[in-house]
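If you check Swiss-Prot, you get these features:
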{"type": "DNA_BIND", "residues": "285-344", "note": "DNA-binding region"}
{"type": "DOMAIN", "residues": "195-269", "note": "domain 'POU-specific'"}
{"type": "MOTIF", "residues": "5-13", "note": "motif '9aaTAD'"}
Amino acid sequence: MTCQAFASSDNFVPLNSDSSPSLPLIMHHSAGECLPVSNHATNVVSTVPSVLSLIQTPKCSHFHFAMMTSGNVSAGLHYSVPSCHYGNQASTYGVMAGIKPATPEMLSASLSQSRILQTCSMPHPNVVNGVSTLQSSLTPCLYKFPEHALSASSCALGHSFTPMHQTLLSDDPTASDFKQEFRRKSKSVEEPVDMDSPEIRELEKFANEFKLRRIKLGYTQTNVGEALAAVHGSEFSQTTICRFENLQLSFKNACKLKSILSKWLEEAEQVGALYNEKVGVNERKRKRRTTISISAKEALERHFGEQSKPSSQEIMRMAEGLNLEKEVVRVWFCNRRQREKRVKTSLHQNAFSSIIKEHHECR
């Protein structure tokens, strides 16, 4: 028996067979979707009793099998299957075999059998005989229903079909190799890092040393992030530096950041050393304390008694006579006036306190 695809739905093409009567075939799939004839035919027919329980479900499309013999109806089967649609088509996928032009006898027989099936939970004996006759007389051509429309829960005929994609994937060695490779890579990525490894110990040691050396150089975590932006183009946030010092980054990210921070730390220490040397050379030295001899002090005391506020020319003359610098003589007179002022203030305070004391004693 051969099957031929229809160009459009609801067209009938007779099956070419000499041993069987002229059987029309309704189909809405292409010829490429026709499965080879196998023992699935028995499965389809054997599922009829289980389909009978689905008769009362709404929106069902009906399959009508009938075996015609020289104008007499020997047996007929009428049962419902949930409608299956594909895309925007409203047509129903299915097969229809053994239908001839309807006659009043055929319609009455179909109507009576439909009523019997709707009121009884078990199939009628005539229906069972009709199924046996149909199974022995017909060689149906099976078609694969759309997988998105027919499932094990929505269509009883789906129990006898195996999804094509599962068979292909299970038999394809390339797919199995790909799955094994994917599992191997996933396992290698998810392997935990050994916390006692030398790499972890070295990373902890560097994080502690980096924190101490950063504080010694006077940099904050924010300063480090801004300084790295000038070198690498992207600024590192203060949170990133803090998480690195506290070992809160992942091992992979911490290793990447370690090389960057190590290079920056070396450059920062070199710049800091050069800065300290430059500041040490240019730093203003403290002037050494000048000592004045006793004879020079006596001479300056005599001049102070004569003039407590000498002019600039007089200070220069005294400095030349005593072999001292002019600035030394000027500073000595300033200090001497301040000391005299403190002495006079203390004398006035003592005198005032003594007067007050005498006044209280007189009372």
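Cβ atoms here come from the backbone N, Cα and C positions, even for glycine.
Keep in mind that this is a model prediction, so the values were computed, not measured.
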Give me the DSSP three-state residue breakdown of the DNA-binding region (285-344), ordered helix, strand, coil.
43 helix, 0 strand, 17 coil
Where DSSP helix means H, G or I and strand means E or B, what are the helix, strand and coil counts for the domain 'POU-specific' (195-269)?
59 helix, 0 strand, 16 coil
